[in-house]
Amino acid sequence: MNYQQQLANSAAIRAEIQRFESVHPNIYSIYELLERVEEPVLQNQIREHVIAIEDAFVNSQEWTLSRSVPELKVGIVGNLASGKSALVHRYLTGTYVQEESPEGGRFKKEIVVDGQSYLLLIRDEGGPPEAQFAMWVDAVIFVFSLEDEISFQTVYHYYSRMANYRNTSEIPLVLVGTQDAISSTNPRVIDDVRARKLSNDLKRCTYYETCATYGLNVERVFQDVAQKIVATRKKQQLSIGPCKSLPNSPSHSSVCSAQVSAVHISQTSNGGGSLSDYSSSVPSTPSTSQKELRIDVPPTANTPTPVRKQSKRRSNLFTSRKGSDPDKEKKGLESRADSIGSGRAIPIKQGMLLKRSGKSLNKEWKKKYVTLCDNGVLTYHPSLHDYMQNVHGKEIDLLRTTVKVPGKRPPRATSACAPISSPKTNGLAKDMSSLHISPNSGNVTSASGSQMASGISLVSFNSRPDGMHQRSYSVSSADQWSDATVIANSAISSDTGLGDSVCSSPSISSSTSPKLDPPPSPHANRKKHRRKKSTSNFKADGLSGTAEEQEENLEFIIVSLTGQTWHFEATTYEERDAWVQAIESQILASLQSCESSKNKSRLTSQSEAMALQSIRNMRGNSHCVDCDTQNPNWASLNLGALMCIECSGIHRNLGTHLSRVRSLDLDDWPMELIKVMSSIGNELANSVWEEGSQGRTKPSLDSTREEKERWIRAKYEQKLFLAPLPCTEFSLGQQLLRATAEEDLRTVILLLAHGSRDEVNETCGEGDGRTALHLACRKGNVVLAQLLIWYGVDVMARDAHGNTALAYARQASSQECIDVLLQYGCPDERFVLMATPNLSRKSNSRNNSSGRAPSVI
């Protein structure tokens, strides 16, 4: 075992010890809090539940299950629209539940293969597969919905992520297309040919179509994957030989038993009425009482025998707290946690690099053991031993840094980076239907010899003569998928010629460019004691003549916002590119995970991800509103539309009076903004702004920026394609009042696009005085209220009785409208709302021959 593997194992062990030992202090804290519950009956009921949880934890499978009981570990991945949660629930309970679980779940069930019982561990992953997941599974089920294109494309992304962490030829794969969501209004979009092509691309894995509503092929999927795992193990045993045969039971994974997060109440089985044979929160053990599971061990010097107080029954595996000092015990726990290396982030990349000293006069280069962790921190230590002991180390927070390679100009940022947190949309910017995976030696090629904009190559591992495996990598961050780049030892590649931008960080870049890279800077001319060749052939102006000289520059620099620099050097340029790419990905991930300091009412991360996903699910939002680029990640708030990053830059130049641009990934999203975006969408927006564009060619992904800018300015600034007004009999302001009262969103958008500030502020009449904002707030419609404010309605306006729109929002009990009005400076005056006459809701346009304005409520 090499030292990196040993280090990773050691870190994983320490993390598991920390997790395990963190449980009983929390349980003790619950017992102490229970003493504050004054009602005895409630106190005892809660205590019994805590005791049951405690006993279930201490009697988990790693402590009780015999080693003769084998385990099968199955991972299930797919985005929120894939239907994977319904698939698992149907298999476990025999019933159908439509809701998808964003956080996934952990489940256990007995399964019989070839007459032998196995403990089936099912891990429903809430997001893309990570390294821990990839190393844990025995097999993976990829799930997509037959009516959802994005969930289909997500499988390519998740497969490539798996290939980054593990050789996919080692584990069985199964592809599942779910039919649950198909209906007359929601037709199938993934035909059988495309689905089977995907199964061939995924190393010719088995493909099933399932329906959780009535159980089609559900049992068959899990039975097949279990049989594949058993067959793979037998094959491995035969290949190893009798002297090194594998044990009957694989090592028990503490991760599975420890991270049981989802609790599902078992329902009646198919025809028996008894409890189902699975449990998602405790291991499947024989039906034995808790007392029978306990073994009284005589006290010894090494094994303390704690005694529970009657009023505070606690697990006999935990030490007694009777008479102990809570502060001392807490300190003891902390010190013990420190001794096992608690709190250390697990590195995602590590190795020896040269670092240039920033203090010494000669700026000498010294060896450092460098680690990059998934928390966005890069650390370096004088040696591996110092890292293991966690001494003499220094950290670099990558959040406010960028990484540079001397002598190379940063390429144009590539487009189609998608949100991390949104499980359904993964930012797949290209059509991946042309993907091909070659069966020989894990290499991957596209459909043709040349790079294609629509082709993406996936790979698992590249074999090397020394028996080691070289892992592939891409420019995508933890939950993102961007246009991959062609790197010497990369396995994920696509054409970068169409790339325009990146979601959040300009430092994310491709490694190739259609143009020659500029020569290295004079910094590369310094002699390094570890350099194999000298790069001294620079011209007087610091320019180099050949590309080979540029590649000999093995240095990369991390630069902070404060101007501080850290110089590192690798041994090969492949290693340098790998470090640069990994650091760029962590910079992007850090930017996307940082919380805004604005004091806004934000949703939880999970609910916000679901809310943003609802925006992406709006009709037309899978493509840019102006150029049809796939998976746009930028929004125009007042237009209610999504766009690509290049078009968003053009929209910014229009001014906020025409387009208010915001990033889906990087900016705050209060509820009122989410409601606006999830109420309009690109299809509705273009039905207003592009209705008159017949015969005109709309820009595409391949169009130049100038072509896109001409289209956007003609569309929004000159309003050349805007739909005509629906009615000319009444003034625009009166039509706006009517449309607001009827909550006709499309008409309101159209009238606001045509209207001026004066027309938007027109009132119902002298005896009424209400503006469209008053009417929107009376309805409690925060979407219309927000749109009216953006288009210039006066939030200070009062009706004939002196009431502002805030009074109407309070009457409607619409906290969202109240918050928006206060945010824009509406006076917080709590007057008693004076009634205004309720006029007929029906339009008088047909019978109104005198030209009176249409009445509103």
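Just so it is clear, glycine is given a Cβ too, placed from its N, Cα and C backbone atoms.
The region 'Small GTPase-like' annotation in Swiss-Prot covers 66-276.
Residues or ranges marked as GTP binding site in Swiss-Prot: 78-85, 122-126, 178-181. Under the DSSP three-state reduction, Ala81 (GTP binding site) is assigned to coil, being neither helix nor strand.
For 267-342 (among others), the entry in Swiss-Prot reads region 'Disordered'.
Feature annotation from Swiss-Prot assigns compositional bias 'Basic and acidic residues' to 322-337.
Residues or ranges marked as domain 'PH' by Swiss-Prot on the basis of sequence analysis: 346-588.
According to Swiss-Prot, the feature region 'Disordered' maps to 407-431 (among others).
According to Swiss-Prot, the region 'Disordered' annotation covers 497-547 (among others).
Taken from Swiss-Prot, the feature phosphoserine covers Ser521 (among others), and the record attributes it to similarity to another entry.
Under the heading phosphoserine, Swiss-Prot lists Ser605 (among others).
Here the zinc finger (624-647) is broken down by DSSP into helix, strand and coil counts: 3 helix, 7 strand, 14 coil. As annotated by Swiss-Prot, zinc finger applies to 624-647, with the evidence given as sequence analysis.
Reduced to three states, the DSSP call for Ser663 (phosphoserine) is strand. Positions annotated as phosphoserine by Swiss-Prot, on the basis of a large-scale study or a structure entry: Ser663 (among others).
Beyond the ends of the repeat 'ANK 2' (801-830), by six or more residues, the same chain brings 601, 671-672, 675, 769, 771, 773-782, 785-786, 789, 795, 836 to within a C-beta distance below 8 angstroms of the stretch. If you look up Swiss-Prot, you'll see 801-830 marked as repeat 'ANK 2'.
The phosphothreonine annotation in Swiss-Prot covers Thr836 and is backed by a large-scale study or a structure entry.
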Query raised in the report: On a count of neighbouring CB atoms within 10 A, which of the binding-site residues Gly78, Gly126 is highest?
Result: Gly78
Query raised in the report: Where among the binding-site residues Lys84, Arg123 do you find the Cβ with the fewest other Cβ atoms within 10 Å?
Result: Arg123
Query - Number of other Cβ atoms within 10 Å of the Cβ of Ser663 (phosphoserine) across all protein chains - result: 17
Query raised in the report: Which whole number is the mean pLDDT over the region 'Small GTPase-like' (66-276)?
Result: 81
Query - Residue pair Gly78 (GTP binding site), Ser663 (phosphoserine) - Cα distance, angstrom, rounded - result: 25
